[in-house]
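What follows is a set of notes on a single structure, which appears directly below.
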Amino acid sequence: CLTFQLACCCGTAACSLCCKCCPKIKQSTSTRFMYALYFILVTIICCVMMSTTVANEMKTHIPFYKEMCKGIQAGEMCEKLVGYSAVYKVCFGMACFFFLFFLFTIKINSSKSCRAYIHNGFWLIKLIVLAAMCSGAFFIPDQDTFLNAWRYVGATGGCLFIAIQLILLVEFAHKWNKNWTAGANHKQVWSGLLALVTLILYSIAVAALVLMALFYTRSEGCLYNKVLIGVNGGLCLFVSLVAISPCVQNRQPHSGLLQSGVISCYVMYLTFSALSSKPPETILDENNRNITICVPEFSQGLHRDENLVTGLGTTILFGCILYSCLTSTTRSSSEALRGIYATAETEVARCCFCCVPDGEADAEDHVEKRGGQTVVYDEKKGTVYSYAYFHFVFFLASLYVMMTVTHWFHYESAQIEKFFSGTWSIFWIKMVSCWVCVCLYLWTLIAPLCCPTREFSV
């Protein structure tokens, strides 16, 4: 048992302590799982800090709460450990943790180097370092200046995180179409699949547009909703026409409606999410009572159970953030951001085209069984993902979580219980993200026309 504990604290097999019945796991996967676990842990702490319900329950049920708060110098009622300023400080510690590892792991190509061993192990020590960084942020002098400056750093990093996700979404759409088009050249079944999936995507986008027009608009008022739904619907139609225009097809034979269908669905999702995040509009009815308009009637009843909506919605939101982090840190994603793509000749059509078949590679990897979960050392010959890029994405995700939990620029009145009550800052961030996504995709279509002497590959 002592050997297993040392493996968890200092070794490279983080999951060797798990139950033997657990399926085997790759070393690279277990490492990313452990960092994701740290990320989730700090995120949960941030959500707790933003909850007035939790703070009140702690005051009521914890004996000697007032004395304990004074003992740890957190204020008379631990007011320094709640609110947006506390979240800023904790996320500052987490961001510094990942940024230092980003600098530490730059240009690691071999998993046998000393720095790679530190990246893949020493989990207990790293947990202590992370806790020390998050705690140390509370002792930074001149708190007001720090919070004001850190807020703009967080906004910049959060927007950059969104931009990376949008770039990778556009790259995903092009990769999907290229992969299945390569199969269509050999088997007609891939042509049928392309047509079927394209039809499904556009059906979803059109249905979403109709439903939003039905539930988020009315004959009087709702001008914002009407304009934005019309503009975003028109943008989807425009990029679809551009994608199949003869001038674009001559320069990019792989361009088609599948990519624009993916983008259209995502634009409709962002539009729906933005409209749901917009502060409600109210008018006076015939009885001089305020009534909420421009939102579905069933959503008003749903939002009455704030605890259920907040808990479920927050879980889904941060699950999506974590999924974005992990999928954005693969080697193919980092290469795509640098403009490196697989050539058309090497494309092999697959339904799960994002997953590279690695059954043969697994047979050559070293497998070690030490009484716990089986760990496959898949990085024996070299790293399978960029360590530095991995930590940089989690650094940006830390800033994105900080800004999201504190309602971006409505931080002073932010509470986790009011996470889905709607703010203009969240609304406009989602709408701008929607338009940036369309612009990025449109640029991939017209860039070869604007710069005919350059070689573009998507």
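Including glycine, each Cβ sits where the backbone N, Cα and C put it.
Just so you know, TrEMBL annotations never went through curation; they're auto-generated.
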Students should find that the transmembrane segment stretch in TrEMBL, chosen from 308-326, 346-364, is 308-326
Near the transmembrane segment (223-244) in space but 6 or more residues beyond its ends, with Cβ under 8 Å, are 205, 209, 212-213, 216-217, 255-257, 259-261, 263-264, 267-268, 271, 274-275, 278, 294, 431, 434-435, 438, 441-442, 445-446
Per the Cβ filter (under 8 Å) with a sequence gap of at least 6 from its ends, the transmembrane segment (86-106) is approached by 38-39, 42, 45-46, 49-50, 80, 115-116, 118-119, 129-130, 132-138, 140, 147, 150-151, 154, 157, 387-388, 390-392, 394-395, 398-399, 401-402, 405-406
Ranked by Cβ pairs within a distance under 8 Å of the transmembrane segment (193-217), the first of 33-55, 118-140, 152-172, 256-275, 387-409 is 256-275
With the greatest number of Cβ pairs under 8 Å to the transmembrane segment (152-172), the stretch among 33-55, 118-140, 256-275, 429-451 is 429-451
